[in-house]
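Asks: I am attaching a structure below and will ask some questions about it afterwards.
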Amino acid sequence: MELPVASDGVRPSSCRKPTPARFEDSGFYQHYGDKSDALTGYETLDAPPHYDFYANTEVWGRRRRFRPSLYQLHAKPEDDCRPPMYEETTAGPTESSDDEEETTEPPPEPTRFGWVQGVMCLQIRCMLNIWGVILYLRLPWITAQAGVGLTWVIILLSSCITGITGLSTSAIATNGKVKGGGTYFLISRSLGPELGGSIGLIFAFANAVAVAMHTVGFAETVTDLMSEHGAVMVDRINNIRIIGIVTVTCLLGISMAGMAWESKAQILFFLVIMVSFVNYIVGTIIPASPEKQSKGFFSYRADIFAANFVPDWRGPEGSFFGMFSIFFPSATGACVVRDAACIYLFYFIFFPGACVVRDASGLLNDSLTSSSADCVGLSCNYSWDFTECINNKSCLYGISNYYQMMSLVSGFAPLITAGIFGATLSSALACLVSAPKVFQCLCQDKLYPLIGFFGKGYGKNQEPIRGYLLAYIIAVCFILIAELNTIAPIISNFFLCSYSLINFSCFHASVTNSPGWRPSFRFYSRWLSLLGAVCCVVIMFLLTWWAALIAVGVVVFLLGYTLYKKPDVNWGSSVQAGSYSFALNQCVGLNSVEDHVKNYRPQCLVLTGPPSRRPALVDLVSCLTKSLSLMMCGNVLLTEKLETDSRHVSWLNQRKVRAFYRGVVAADLRSGVNVLLQGSGLGRMKPNVVLMGFKSDWSRSSPEAAHSYIGILHDAFDLQFGVCVLRMREGFDVSPPRRSHVKSEETTSVCIGPEPQLDSAFQKKQGKKTIDVYWLSDDGGLTLLLPYLLTRRRRWSSCKVRVFVGGDPDRKEEVLALIKKFRLGFHDVEVLPDVYQNPQPESVRRFQDLIGPFSVDPDPKQDPGSGLGRQQEEPWRISQQDVERNQAKTLRQIRLNEVLKDYSRDAALIVITMPVGRTGVCPSMLYLAWLDFLSRDLRPPVLLVRGNQENVLTFYCQ
């Protein structure tokens, strides 16, 4: 069943001309497939639900189906059904039929594994990681140190952590389709790139180090075998290094050969390990030979089990958490926790704990022929005297001293050696394969610089060859340590850090109550996940505090880098959902908080139109509101359709302006602004100051447009808004260069490229200039507050604020004392006694010339009321009565312009109280002429400010 593609030029049936009643000829089945799929007798573009509508991938051999857009569904039949230029469509560019005919071969697909090599091999890989180097070479030693009882606690604690993490992982993994990348993919897509990226690096690094741990275990076994047979290369440490490097090089070759070889090798290793387990169990039942007894093995003995049940700490690692740190890496693959715990608890702890003493000399001549009162240890009960080596602490055998104890206990030692080889090599191979895969996924997300080189894949399986080489180099570096007990605690901290974030991801996704959190796996608890996360962090610091600090430091550093760079990814993470929930709760909470003058913030609605067209206006208001209060850019579109916001929001984000964008469709500018004034904001997070640019072309544009502009100011005053008008000599309307468009007969016009980032005067550092504030009328303090907020910004911090007031010179001390109580830090106050003088006649004449074209000049021969009738038809007209009634205010604005030219010629910014034209008394053209003449011919930008006559400053503390 095929659906029309939005960009393929196919016109939906509702937009074609009427056709005959036969559906076979209408083209309906051409779009909807076979006739059997037609469910109604009516031709419609509506499509039934389909997988393709929600999928992000395509299937080779057929065209992908696209859901019809809302515009296509509701457009008029006679209209062109293709969406307008500004409407975004999900359909990408389609290929021509010629191109489709040329593509005769499907793209290469990655290798798919069947049940045996797929699902079963995944389980085998988990079990092989559990039955690894720690089980064979360190678990009996841990039992000797911690005792059987505490070793069970260590295993149960590890199983609890991995079990809780397994539940959390299952919930995250079933909340959507999971791609390659394992733990990194789960955390990054759940918590977002900030924490996901850092934990991806840590997890990949931990797996690379785990390669070294398992390889060192293999090399240690080979070295012990060489010592038993008298073969020597150098010394023990260097032997381990040489054997380890040769081994990991061979494993690198196997892993680079492909997943098929790796999976086959894992099955072989698994079979070898299972045989070694059976051999081990059989060996505990066979009566001990004298040679084995000399090395501490006496078969099952109740007193041996009782003695080994309590701890006997020895050496620098001798502590509960020291043993835990060495054991925990073997639990990191515990996907079947119950079975793994049972195997550990009974087979590999109970058996050696009940069969082998802690210390033995290995010498056959230490057997007792008769009882001796000086004999020390349980071996005395079995006719063996290991007193000398126990007292000298020189015993070479026993579970406290001999790492190859499983070989000693087993029925046939070479099978245990084969099991060790299989366990260590399989685990090393699994880690060597997983680490590059995780790192490759991280590199392909491009969250961090300089690592993209390792993201390239080769072959149909996209094998990360470069990642393999990097993991190999890391493994070699840690193999050179050649000490298993040193490497294991490092890995434990990194894995615990990963598990902590996995559990926190599950908890955070659950607690945000996002509708998108719908995991198929239901057997999890958010609080259990939180407990698991906290336990992991606590145990990290209890194990090795310096390693924990390094892990946390890496996470914090990479988190800070990602927050600073803000990578262009959107994965719908729980952090985003949490941000929404937090913001919503805080906004709702503000409703119960009464406004107070101490908490007043200028929340600005900026009438920018498209923000990229007025960057100066955006930059100035951003200086006032950034990290302080609300800024919203408003745009009124005089079209039939509302354009998408993403282009303008992207421009604001690129300019690092913290602002919202709101566009509305209206029949005219004034009604659109009125909608913005009344409908913008949420609860108490709504604008209280409207800021707009000055209409410098008012005298040349239509009178109706100028009248509408002044109407906007009146509407703002009626709605109790503060009003600011910015005027710049060079203007601030910017027409960016036309962006390229792609047009064809089959696609709609699509704009290519982002809006340009043009510089403005308010982006530069203002230096040691002045901000001149003309506080001529009291508007509640907004005229003073805005300059103060500017001086808190770095680019304005060097500017000196000068406050000018009118009246007698005696008022200076009074005004200075008032400003001092406001704690604004303004110390320069000047009184302008000549501000109320009459302006120069030349200035008056120029003002009269300015308003002349808009004056009512009735013909003396006509009816005296004709002028009044014309003014009612054209309310912007200025009558002689209007001029006389507003003469004092008019002369004051003319005089203020002369004062501004005298005092503020070199200022960085002029802030002046804006006059208010009374509705019905001051015509719109006269009011606009006041604003024009007041700010005319001034080099600095002029900001006209008028508060809503309510206090925004106070000198009280409550």
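Heads up, the Cβ atoms here are built off N, Cα and C, so glycines get one too.
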Asks: In TrEMBL, which of the ranges 332-349, 494-511 has the transmembrane segment annotation?
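Replies: The range carrying the transmembrane segment annotation in TrEMBL is 494-511.
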Asks: Over the domain 'Amino acid permease N-terminal' (40-98), what is the model's mean pLDDT?
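Replies: Mean pLDDT for the domain 'Amino acid permease N-terminal' (40-98): 59.
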Asks: What stretch in 195-219, 494-511, 531-564 has the biggest tally of Cβ pairs under 8 Å against the transmembrane segment (149-175)?
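Replies: If we count Cβ pairs closer than 8 Å to the transmembrane segment (149-175), 494-511 scores highest.
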Asks: Same chain only, please: residues at least 6 beyond the ends of the transmembrane segment (267-288) with a C-beta under 8 Å from a C-beta of the stretch. Say none if there are none.
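Replies: Contacts of the transmembrane segment (267-288) (Cβ under 8 Å, skipping residues fewer than 6 from its ends): 116, 121, 124, 127-128, 131, 297-300, 347, 351, 355, 406, 409-412, 415-416, 418-423, 425-426.
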Asks: Is the transmembrane segment (494-511) packed against any residues at least 6 beyond its ends, judged by a Cβ distance under 8 Å, and which are they?
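Replies: For the transmembrane segment (494-511), the list is 161-162, 164-165, 167-169, 171-172, 175, 183, 186-187, 190-191, 195, 199, 202-203, 205-206, 209, 328-329, 332, 517, 524, 526-527, 529-530, 532-533, 536-537, 539-540, 543, 548, 551-552, 555, 574-575, 577-578.
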Asks: What same-chain residues lie close to the transmembrane segment (465-482): Cβ under 8 Å, and 6 or more beyond its ends?
Replies: 204-205, 207-209, 211-213, 215-216, 219, 237-238, 240-241, 244-245, 248-249, 252, 255-256, 432, 435-437, 439-440, 443, 453-454, 456, 458
Asks: Please list, for the domain 'SLC12A transporter C-terminal' (614-741), how many residues fall into helix, strand and coil according to DSSP.
Replies: 47 helix, 27 strand, 54 coil
